[in-house]
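Participant: Supplied in C-alpha cells, the structure appears directly below.
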DNA sequence: TTATAGAATTTTTTT
DNA sequence: AATTCTATAA
C-alpha cells in the first residue's frame, strides 16, 4: 500500500472502502442520508486517478443539481489539484448540452443553438396551437406538461403511443410534432431535448456514440434515485451493461423528483439491468444526532416499497426535536427568527450552519420578512430568481438573438421592447407571413416589404429593427468575450436608457439589474480566462490517437458559453452567503447539511402538499409517498437541532386556511419532541369567524373542514351538474356543458348562447339561474 | 399603437 | 397576493 492509497482510504469505514476500491464492472452504492457518499465518490475518483493512473479525462461524474456538481468539483480539486481540471464533473443537462453542441450538425442544429426555458416553451406551444387552429381544445400548459413527460420517457413524437380513441393523446402528439418542428426551425432546444436528442442521436449513429465510449471509461452518477428514463437511457448508452465501469450512488428513500419523470425503479432494478453489479450499502450515519435520525426513520418507515434498511449511528441522542406551534404564518416567521438568534447566542451555532426549509416557494416571502425584522442575516437559495426578472430575460433574449437570429421566441419577446411602435397587428401579419413561407421571423424582417397588408410606417420600423439585430449579430461574430457583447447590446438597444428615462423607483431597480447583468458577464469572462490559463499550464498525458480527450466545452465561443450558463446554472451560486442563514425549498435542500434546521409549514395541505392529499387513498398514493420522502430528506439535513413548525392558520395564495397539523407529525413519537402524549396538538376545529383568537384545544362543536370552502353560491362542483342553468355576472345565462375539477377552482364550460358562445369559467363565479 | 384599468387566472417541487 | 390577460379609452 503506497502513500496515496493509505491517505485516500483514511477514516473510511469498511463498506466505504469497498466502494472506493471496487474495480472492474458496475457498482451500486446504496447510501443512506449522511452516510458519507460524497466522500466515497470523490475518494473513489481520486483513487482511480492516483492509484490506478486513470487519465482524468476518462472520468465522467454526473449529478442532478449545479450545487452538487460544484461541491463535488471543489472537493476533487482539494484531492487532485490541477489534475481535477480534466475531469468532467457536471449535471446531466450541462454534460448533454456540451456534447450536443459538438454534435449539433447530426441532429439538425447548429453549434449556436439556444436553450429555451419553460416560459419560452409555453409560448412555442401556444403559437403552434394557434397555427394549427387548436387553441380552444386543451390548455397549452397541460399539453406542455404532457410533452415534457414524453421527453422524460425518451419518446419523440413518432414514438408516442396513443390509443385509437384517445383524442387528447392524438392532440398532444400533433402539437408535440409541431412544437418540435418549431424548435428545430428556431435552432433551439428545450431542457428535455438536451437529453432526448442526444439519446436518439446515439441510437441512430452508433459511431458517434463510440467516440464517447472510447473516451469515458469510468462513469459515476450521484443521486441515482432521481434519474428518469432518458437519463438512464443515456447512461446505458455511455456505459453499457453488463460490464461497464458504471458507479451509481443513491438512496431510494430520497427520491423526490417523480414529478419530473424520475423512476425509483431505476435504482431498485439496477442489479437486474447490470447483472453481477457489486452492491455496497452505507448504513452508518455520521451526520445527525440519534433523536433526529429516529424521528426521520419513523416518518419514512410508513412507506411500503422501499429497500429495507435502517441507518444507525454511534452519535449521542442529542437534544430532542422542538415543536413550534404558531397562530399564523407571521408568528411562525417571527418565532423562527427568535429561535435562530437564541441558537446563535446560547447555542454557539453560526448563522451559516442554520437553514430554514419550506415546501413551496410562496412561503419564503413571510419568512424573509420575519428574519429581516429580527435582523437575522439570510440568503435565499432559490434556483434562478435573478435571471427570471423580466428585464434580465429581455436582455438575454437579445443576446441569444445575437448568437442565433433564428430564435423566433426571443425575437417575439423583444420585438417591441423597448417600445418601438411595432404593435400586435403588425406582429401578427409578420408571423402569419413567416408561417406561410416557412421562414424565420428574422429572415422575413430582412424584406419586410414582402409582408402583405403592412403599411409603410410598419415596414420602416421593421427595417430599422432588423438593422439593429443584424448589427448586433455581426458584432457578436467578431467578439471574444461575453461582457463586450452585453455592453454593446445594452448600448444599442437602449434598454438601460429607456428604463432610466422612465424615472420611477421600479424602473431604476430594473436598470440596476441590467448593470448587474453586465457585471455577471464580466465575472464570467474573468473566470473563463483563469480556467484557460490553468488548462494551458498543465502537462498533458499521452493521449491515444483515436480518442478525443479535449474538454467537452473546448471551443464554445464565450457569449454562447455565458448564455448556456444562464440557462442551465442560474444564479444559485451567486452568493452562498458567508455568515448567513440559508432559506430554501425542501427540494433545494437535498444533499446539504446544517447544524440546525427549521422545517416550516408542517400542516396537511402545505406539507404534505394539498395535491398529494386528494385521491382515493391519500395515505398510500405515490404522491404521498414522495411527500414522505421529502420530509425524510428535510429531517436528515439536521446535525444537532431540528425545529418543526406549524401555523394554526395561514393565508396562502390569497385565501385564509385552517390546516390540521401534518400527518407526518403523528408519526414522530412525542417523546422525541420531549413532550408527553397529552400535549400532542389536536387538529384545530372549524372556525366560523376567522379572526377570533383561540387556543389549540378550544372546542366548539362539530368539526367542519373549512380549509377549502369559500363563500359563494356554487362553491364546489359535486356530482353531475351538466345541463344546469347558471348565470354569470358578465356573460349572462347559460347551460353547463362540461366540468373540470372540483374544489374552489373547479372550472366548467358553459354554453351562453348568442354571441358569447362557449366559455370556460370558474364555477365560483356562477350563480344558479 | 399605447396606456391603463379591471378581470381572470394561477401556484409544488427544478434542470 | 401577485401575475397575466383583455377590453377600452386615448
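Cβ coordinates are placed from backbone N, Cα and C, and glycine is handled just like the others.
Please treat TrEMBL annotations as automatic predictions, because they have not gone through curation.
Grabbed the feature section from TrEMBL, which reads as follows:
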{"type": "BINDING", "residues": "A:31, A:32, A:33, A:34, A:35, A:36, A:37, A:38", "note": "ATP binding site"}
{"type": "DOMAIN", "residues": "A:10-289", "note": "domain 'UvrD-like helicase ATP-binding'"}
{"type": "DOMAIN", "residues": "A:290-591", "note": "domain 'UvrD-like helicase C-terminal'"}
{"type": "REGION", "residues": "A:675-717", "note": "region 'Disordered'"}
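Let's see these features in context: how buried, what's close, how far.
Facilitator: Other Cβ atoms within 10 Å of the Cβ of residue A:35 (ATP binding site), summed over all protein chains shown, number 24. DSSP assigns residue A:35 (ATP binding site) to coil in the three-state reduction, outside any helix or strand.
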Participant: Could you tell me which of these binding-site residues, A:31, A:38, has the greatest number of Cβ atoms within 10 Å of its own Cβ?
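Facilitator: Buried the deepest by this measure is A:31.
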Participant: On a simple 10 Å Cβ count over all chains shown, which one of the binding-site residues A:32, A:34 is most densely packed?
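Facilitator: Neighbour-count leader: A:32.
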Participant: Given the model, what does the mean pLDDT over the domain 'UvrD-like helicase ATP-binding' (A:10-289) come out as?
Facilitator: 93
Participant: Within 8 Å of the Cβ centre of A:31, A:32, A:33, A:34, A:35, A:36, A:37, A:38, which other residues of the chain have their Cβ, at the recorded ATP site?
Facilitator: A:251, A:282, A:285, A:286, A:287
